[in-house]
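Pulled from TrEMBL, these are the features on record:
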| type | residues | note |
| --- | --- | --- |
| DOMAIN | 1-114 | domain 'PLAT' |
| DOMAIN | 338-454 | domain 'PLAT' |
| DOMAIN | 459-579 | domain 'PLAT' |
| DOMAIN | 589-709 | domain 'PLAT' |
| DOMAIN | 719-839 | domain 'PLAT' |
| DOMAIN | 867-983 | domain 'PLAT' |
| DOMAIN | 1149-1267 | domain 'PLAT' |
| DOMAIN | 1271-1389 | domain 'PLAT' |
| DOMAIN | 1402-1513 | domain 'PLAT' |
| DOMAIN | 1526-1643 | domain 'PLAT' |
| DOMAIN | 1656-1774 | domain 'PLAT' |
| DOMAIN | 1791-1907 | domain 'PLAT' |
Amino acid sequence: YEVVAITGDERGAGTDANVFITLFGDYGITPKVHLASSCTAFERAKTDVFRIRTHNVGSLKKIIEHDNTGLNPSWFLDRVVVTDVIRPHLRFYFACNNWLSKVEGDGLYIRDLLGSIDPMDIPKNKFVVSVFTADVKGSGTDADVFINIFGEFGDTERRLDNDKNNFEKGTEDKFTIEAPNLGKIRKITIGHNNKGSSAGWFVEKQVIVDDLGNKLVYEFPISRWFAIDEDDGKIQRDVLVGGSQPTLEGGKFERDLTDIFNVELAALLSPLSRVTIGHDNRGLSTGWYCEKVVVYCPFTGIEQTFPCSKWLDEKEGDGLIERELYEMVSLRQKRQKHPWSLWIWTSDLPSAGTDADISFQVYGEKGKSDEIRLDNKTDNFEQGQVDRFMQVELPDLGKLTKLRIWHEKRNPFGGWHLSKATLMKTLTKEKYTFPCERWLDSNEDDNEVVRELPATGELIYRVTVCTGTVGGSGTDASVFLNLIGDQGDTGDRDLINCKNNVNKFEKGSLDEFLIEAVAIGQIRRVRIGHDGKGGGSAWFLDKVIVREEGQAEANAVEFPCNRWLARNEDDGQIVRELVPFAEGQRLYTNYHIAVKTGDIPGGSSDSDVFVKLYGEKGDTSKMMLVVSANDLGNYFETGRVDIFTVETFDIGQQINRLLIGHTNKGMRAGWFLDSVQILVPVHGKNYMFPSHRWLDEDEADGKTTVELYPSEILDVEQINYEITVVTGDVVFAGTNAVVFIQIYGDKGKTEVITLESRSNNFERNTTEIFKQEDVFIVTAVDLGPLKKLRIRHDNSESYSSWYLDRVEIVDTKEDTYYFPCNRWLAVDEDDGQIARELVPVDEAFMRKDDDDEGTSGTLGLEQKMSTTYTLKIKTGEKKYAGTDSNVFAILFGENDDTIINLKACKNYKNKFEQGMINEFTVEAVDLGDLVKVRIGHDNSGSSGWFLDWIDIDAPSQGQRMRFPCGRWLDKGEDDGATVRDLYPADLQTEFYTPVPYEIKIYTTDVFGAGTDADVFIVLYGHKGVCTQQKHLCVNKRERRLCFERGAEDMFIVELEDIGDVIEKIRIGHDNSGTNPGWHLDRVEIRRQLRKGKGSETTIFPCERWLAKSEDDGETVRELVPSDIITQKLLRDGTLKTTETEVEDALEAHTYTVSVRTGDMYGAGTDANVFLTIYGDLGDTGERKLAKSENNKNKFERGEVDKFNIEAVDLGQVFKIRVRHNNSMIGADWYLDQVEVLDVETEEVYMFLCERWLSTKKEDKRIDRTFYVKVIPYHFTLSTAIEQDASTTARVYVIIIGPNDVETDRLWLDLPEGKKSFTAGSMEHFVCYGTDVGEIKRVELGHNGVTPESCWLVDELSVAVPTKGIKYIFPCKCWLAKDRGDGLTARLFNVLDSSTINIIRKVVYSVTVATGDIQYAGTDTNIFLTVFGANGSTEEMLLPKNEDFERGQEDTFTLEIDDIAPLKKIRIRIDGTGSRPDWFLDRRNLTTEEEYLFTYENWLSKTKGPKRTKVCELAAMVDDEEMVEKTTYIIQVQTSDVAAGTDANVFLIVFGEYGDTGTLPLKESTNRNKFERKMKDVFRFPDMLSLGELSKVRVWHDNKGPAPGWHLEYLDVKDEALDNTFRFPCDRWLAKNEDDGQIMRELACANNDFVDLSDKTEYEIATTTANADDASTTENVWILLEGRKARSKEFVLENKKKKFLGATDTFEFSSKHVGEIASICVGHITKDGKKVKNEAFWHVMEVVVTEKELGNYFFHCDAQIPLAAKKDQFQTFECYKSIESFASKVRNLVPVKYEIIVITGDVKAAGTDANVFITMYGVNGDSGKRHLRQKFRNLFERGRTDRFVLEMLDLGELLRVKVEHDGTSPNSGWYLECIEVTNTANSVTTIFHCGKWLHTAKADGQIQRVLNPRY
């Protein structure tokens, strides 16, 4: 945009402040842009022109401000004109004619200016404002009054001031305001600044605004005070037109959300008759579905509901955006609350004021209010001050009896002396006064901070607190107590002044306290608790005794407790309510509270939640919800239900309401509460409390507590269950132990029930064999359909072992449930468990079981609803880490928990030994997701145990979880705990979807068919979905028993869900054992049907050997299915069996794998190599590459080995995994490439590897994955400078694209020598990952769980060079388990990042061949520069895997700028190292096209004919050289002034194909060079031609006695082209002449000027989409919109079948339109006929070419509708243009660039080093320029330095490189940013840095490449 600011011609009109502009347009708002200027801008009557580059915001609406700095900041602005440079017809005029000043005019220095395209239509308007001050005492004001008028087009704020004395009592004041046209006026804001002696102001009736321009009068009713000490204390009010139509601003109005607003009206309208609601239809998605509107009036207490349930949308339903709503009277509620006003008088004594927040509670005859908190945010409660609080809502309490008031602080400024308090009911003006005149201070008076201010008499209670005698029962915490009586309570009183003991609440002590209060009647309850602070806060309270002072001891009331008040004991509560013994029975009731958090982003809370219930008989205390019944650990997470059981005294048969809220602590305190459900089993009632609102200071109404009323109350019915327990017919099957059962159904679960009825249950210790049945009747709530039961015994007696056959349960509906078990519940039998979880099985399967005599195994799959958990427990490696104690574990799930005795280990008899991993299998049903594990031991045996970790595989949850511990469970170690709670490490949790499979393996009945080997299986479904590899036998004993000749073995395994069809299986063994060879007949796999009851069996025939010595020697086979047998349970209870043949099974393919080992020293390996091939239909599994087809000795240096792999069709192969086992001596392996050939389809897949698989080299990995398509990602990570910000953890990044396509986890491993991400450091990484398309989100995380792995990340940047884009994510957050929000991984959205365009790169594979002659190899540094038709790269250092050795080819990937086609390369060596000479044979650069560069010569100062360290090589494509050789003759003409130089002169020539590199001008035709009037000729043979030349850069080194030089011109002759190019100069190159520069850039004078007034040719190429309905038979027309003019409409005639899904080209002659900014595309009928049917042309891209200027690309991808006229079209912006070389050369004119360098304002930011800058633009670069000024200390902290450099126009700036030479001791430099302004066109480009250039800070770099941010 071009911004023209015209300063007015008024005295003092100019400003020296910084001026900023913000443009508001149709498409959005620009950032605040600084109008960077020279010192002389914004002078009186001056016009200033600026160019600002920012995003396109469309038609401009309003704009301006300044920062009020400088000596004369006031500015009188006349007007501003803004032009869109790309679309010059878009010019907007913004009239101002006003001051921007704090002291002039109306005191505003920020203004909104409204714009117009017509310069004459300056939107001016006049408003007459009439203000009426009331005729009331003190109603006038001396303060400054202001008004802001809001209209539909904007707003205007003014001070109301005129010559008279305004706003006097009983007067009317009129003011005329000039302002832009605001359209229809909606509201005004009016107020004053409270200055002057009598600032209070009472406005009578109304303010009238007369809009003269639109001839409308608006009335704003007010009639209120604007005064701090009157009314509600406001001095500013928003008033709506007529006062009747409030606008609801600041709401979200998002789907399924409730928005809450407070609306003030001038009249009391409640109850309302109707409500009108609507919206203004502005914004992108305006349509709105309004569910209902609820209006609550605090004055009347009436809440009305107005249902809507309709769209307010022009495009939906009836199209209305405003509706009238009528009340649904049945939903009307009267909340019994009334508004009161409260005045608080603080005494006028020294230090009487307080900084604490004050709370109070009001008591009356009918009850009491809730606790109400008065925030002390402003200066409330100051000495001698009266504070007034409006809108205090109290319930109907009848006559008030007392006020309790207190504060919570005990800091030095918490003390407060309260004089009195007054309450007044707003409606009836009832008034109560509560005198106090006492301190509330822990250091004054009686040290109390709670006062009860009574209306009647005083009482004193004597309270005795008895602490228990249990070990550790005393507490150091602060204890409080509340006595609750018939007529109120005392409030929470801190028990500080003990009358009999100095050290309170010690073990066994009795402590007495006196409590002063008003009469509260008979004491019914005592609430006592503590704050949980201090080391020994846990407290065991025995009882509390209370009596009135002066009464006999016999009248004392005893309140027993006998429980812990401790966070980690009992139920975790630290507050308890005690009731007296009533005839020996307690009055406690259990309340089950289910709290549902809303499923809304950010809805979860870290804060502590509390709840308070109100019932008929009273209310409970505020109960903190700390220990949940379903024990989820991390409560109140999004979309979750947390269940808490609280025990409190009975508050009556009915709960009336509840109060719920949170403490607003923690990182994410805000909470979205969906609903609360309360179940009271004693009363048989279930209450529903809907909420569906935010409890968040920053959302909705800002409240963090809410009162809820029940929406429905359900009665819970109870029924009888008949339970039959069948003990099995096995020897010693019965038990003497006590048996417990718990039944689970859809609607809940019973309590734990003890099964006792007849005397001899469960057939105690008899040895006869028969089935014993025991029957029990149990009463419980109706559970609905039963889901599972848990049965256990307590192992308490001898003969406790029990074999349970089954349990049958009959409910009152006569439904029978069968729960088969058939297992032991015994410590020394089976798996050692004494608890089982059983699931019901259909009766038909039970019958089927009984028919098959004695085959109890067949029920396996039906019973498999229970979950098998595999626990792996790792004992630490420390000395004495093992234990012999009995270890137990409790698994806690979201739904339930289960206890396990870890007795029967699968793999070791002696368990829990040092360094051992023990495996256990347990079963449980429906625990839900595992949340934590509690593990401990009974401290018997050698007790100390160091537990490292627990792994739990829960297939039914589809999770493998790691629970890290790393601590002792030992009384004498660590903290002495022998039980610990462990939580899963999220990063190490794996997810999958599990299903039970019944696998039957049939071994053939032939000689030697059986095997002892370890057999494994993998199952595959559609598209390569597969299970984990599963070993079928768990130990050696099973391996010996299974897979015998002719045997049938059944296994039930839980594996991942692979879909409906099993496409193939892989089965194999590890060849271990004495007889590993195995002949497999077939495999049958049975699964339960997804729909209905029944199963499906898939048969996989094999009939082959899996043996090293038989058949083809393979021990792994892939099998495909032949038949599927389905068994389905019909409605009549019978099983139907059907058999079908599999028709289109996958085919077997052979894959030939060619593995090439690198040709370098030590590349071969003797290790065992393993390969896995992955395709989109599956993978081969890991195969050992055992037998090479062509080499006896595999994997030798430079060799190619071939292997054949047989596998079922993999489809498209996309990745491979290669690893070796690091065995043998020479295990290190350099893998060059792998080629996979699918023999059947003849498709070849190439995998370029070029990496070591070695534990010593590169990144020390021997396991690598390679992809067909990967791209490089560049990451930069900055760690914050805080002291403990660093981490030693391993960090990863995941890149996520559209549709959740994501890369693998990319691990950012630090280079060798670096152990951690240290504070203040910056690390760079390059990783190769899948191309995910456009990046949407980035996940950053680490794997640390310990405190030292805490990490504070400052910034993450992700660059994608192949896309030319970089994202910078500001993080500034902890990734830590115990810091911040406890997360070690974060998701960053790209929308929150800064996006920067960087140079687009292409990945080339580069091969360098060193010659095979003596001493050819080198260890020197080799640099490469690449030149292409579209530019050149910077010099790059080639990576060295090893040295470049003789006869060796080195291949690596390089990211090279997108400049193809390539023309030439330049190679340079720097001659360092012990072998600086190098014989270069050739090099290849390969992307889609291959370029060959041949040299076959030395790069050396001492060898070869050229004796050079630099060479240039032309690209060869298909044996054709892209650049030819030439000789350049350079003639240098020195001027005829005292002009000669003795310095050394250098130059670089630039042309179409790059540059020549630096040419020293040494060998001239004249002996004495560069003398006055002399012409020197220099000859450079054997150069690569540059084609057409563009410019020359010439400079000298300023050496010698007279270095100053005046150059007239240069001529460069290209002998091959026979063309001479003239470069005029006529300037000094001298430090003390002209502008002091010794480097000049000279433009070529040969190029003709293009006359834009001439006609030109345009070529237009259109690409039609390749879809069925994309083409058209009609014509297309295009109009070009250029910066200079607009073309006529070109009709693209559809003659020879054009626009049919290909590219069509058209040529037109036209006037020149200049640079093309956009095109209009239309679709028109051929003869102007009418359009009958709707038709479209789908165009993908349009390319417009003009030979002089270049190509313009327009990305369309749009459907253009057919029309009869040219009035319908679509406009497309130019997204890319490629300028022709001739055009670039014509633009090369000398330009001065102003460079502003801003050094950061941080400690030691400045530098004394020499600073250099190189600028890069579309026309080339500036060369390295030294930034210097004479006699000035540059680059100091917080300073701005300005430089002017002259060079040829660089065009649009792409980047700058800034560096320093680090020469001085204080060379470290913190660069904030660089602003570069092209003074020719005033365009400023800003390059933000914000980084150190310092060898010891950040990444240690002293150069940075900066990209512009737009």
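Numbering starts at 1 and runs along the chain as it is shown here.
Glycine is treated like the rest: Cβ placed from N, Cα and C.
Curation plays no part in TrEMBL annotations; they are all automatic predictions.
Look at the domain 'PLAT' (459-579): DSSP puts its residues at 3 helix, 59 strand, 59 coil. Contact between the domain 'PLAT' (867-983) and the domain 'PLAT' (1526-1643) is not supported: fewer than 3 Cβ pairs lie under 8 Å, counting only residues 6 or more apart in sequence. Contact between the domain 'PLAT' (1271-1389) and the domain 'PLAT' (719-839) is not supported: fewer than 3 Cβ pairs lie under 8 Å, counting only residues 6 or more apart in sequence. The residues of the domain 'PLAT' (1-114), classed with DSSP into helix (H, G, I), strand (E, B) and coil, number 0 helix, 46 strand, 68 coil. The recorded stretches the domain 'PLAT' (1-114) and the domain 'PLAT' (1526-1643) do not share 3+ CB pairs below 8 A when only pairs 6 or more apart in sequence are counted, and are therefore not in contact.
The DSSP breakdown of the domain 'PLAT' (719-839) into helical (H, G, I), extended (E, B) and coil residues amounts to 0 helix, 61 strand, 60 coil. In the predicted model, the domain 'PLAT' (1402-1513) has a mean pLDDT of 88. Applying DSSP to the domain 'PLAT' (1526-1643) sorts its residues as follows: 0 helix, 64 strand, 54 coil.
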